[in-house]
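*Asks:* Sharing the features that TrEMBL gives for it:
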REPEAT    B:6-47  repeat 'WD'
REPEAT    B:48-89  repeat 'WD'
REPEAT    B:187-228  repeat 'WD'
REPEAT    B:284-314  repeat 'WD'
Amino acid sequence: EDAAEESSISAELVGHRKRLVDEWNTWRARCRQEVAEEQHSRIRLALCREESKEEIE
Amino acid sequence: MRPILLQGHERSLTQLKFNLEGDLLFSCSKDHIVNAWFSHNGERLGTYDGHNGTVWTLDVDSQSKFLVSGSADNTLRLWSVSTGKCLYTWEFPTAVKRVSFSDDDQQVVCITEQRMGHQGAVRVFQINRDGDGSDQPSKPLHMFNPIGSKATVCAFTYTPNLIVTGHESGKVALFDVTTGDEVLNNERAHMDVVTDMQLSTDKTYFITSSKDKTARLHDTKTLRVLKTFTTETPLNSAALDPFRPYVLLGGGQEAMQVTTTSLRQGKFETRFWHKVFEEEIGRVKGHFGPINTIAVHPGGSSYASGGEDGYVRVHHYDETYSKAKPYGDLVIEN
C-alpha cells in the first residue's frame, strides 16, 4: 500500500515537473523567435537607411 | 569539488566578473583595489591600483581589452586589462554603485548614488575604442535621474537604448536612456532592496536577488516574475548557470546580527536552486561571513564567490557534476 502510494506521489511529481518544463520550453522558444524578429527588423531598418542615403547622394 | 582560495584582498569583496572566455576573473573590494586572476589556478595576473575608496562595481568588455570600475571615491575609471594602466577617470558628485558594458562594448551604463543635495543618476558613456583608450569623451551620451526609489543595479537589455534597473524599494524597471522615461515597471518585484541582477546569455530573462530573502527570475520584455526562490536569509547575489538549469544564490545575515544567532545555520553557503522547479538542490560551504557576490564561468565549468570575509573562492566542478542527470532525460532550454 505504502509503495503504491509512494509511486502515485512520484508519478504526480514527475507529471508536475514535466508540465513545468513544457511551459518553460514553450516560453523559451517564443523568446528566441521574438529576439530574432526584432534583430531582423533592425537590420531591415538599417538597410533602408543605407539605401535612402545612397539615393540622396 | 576542491575550491581555490584567492588571497589578495584585505577587505570584503563587492563584485566578481569573468571575462567572456572565462580564463580571467576580476574582483573588486572595499580595500580600494581591483584584481585580475587566472581562473584555472587562481594565480593573480595583476592589480588595478588607483581608487581612493571602496570599489563597488566593475565590468570587463567582451574583448578583455577594457575594464571599468566604479568607486566610493566618486569616480568611474577605465583601465587597460593587459597593462593595468588607468586610461581615463570620470568624476561625479557621489559614489558609483554599478557599472555595466553594452554587448557591443561601445557603451557603459553607470549608477551614481543619491546623497544629500544630489539625486541618484544613470549615465551612459560612449567608449572610444580607438587608440590606447585614453581619449574618452568627458560628458555622458545620456543622463537622467530615475524618478521614485533610487536605482541600485542596472544593465543593458537586447533592445538598443533600453536598460533594466533594480531599485531600493524592490522595484524592477525598464528605462529608455535617450529620454529618461520609465517604460515599464514592476513595483512589487521584491519587498526590499534589489542587491544583484544578472542577465541570461540572450538577455531575454534575468535574475535578481534581494534583502527580502528571495531571488527571482523575470521576463525582460514584460518584467513578469517567472520564478521565485525563497530562502531564509537576506540575499546579496544571484547568478545563472549558462548551461544547466540552476541558479546560484548567496547572502547571509549582516555581521552585527550574526553574533546573536547560532553560527551553524548555514548562513554563508552558496545555494543551488533548480530554476524551473524552484527547488533547492544543494549548498556549498566555505565562507566565514556573508557572500556578497557570485559569478558563474561563461563555459559553466566553475563558479566564484566573494565574501564579506575578504576571500574569493573558485569552485571547479567535477566531471561527474557535468554529466549528472538528476532529473532524468528532461531537456530544459536555457
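Cβ coordinates come from backbone N, Cα and C, glycine included.
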*Asks:* Using Cβ atoms and a strict cutoff of less than 8 Å, what residues sit near the repeat 'WD' (B:6-47) while being 6 or more residues removed from its termini?
*Replies:* 53-60, 62-64, 67, 69, 71, 73, 79, 81, 84, 289, 292-299, 301-302, 304-314, 316
*Asks:* How many of the residues that make up the repeat 'WD' (B:6-47) does DSSP mark as helix, as strand and as coil?
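*Replies:* Its residues fall into 0 helix, 22 strand, 20 coil.
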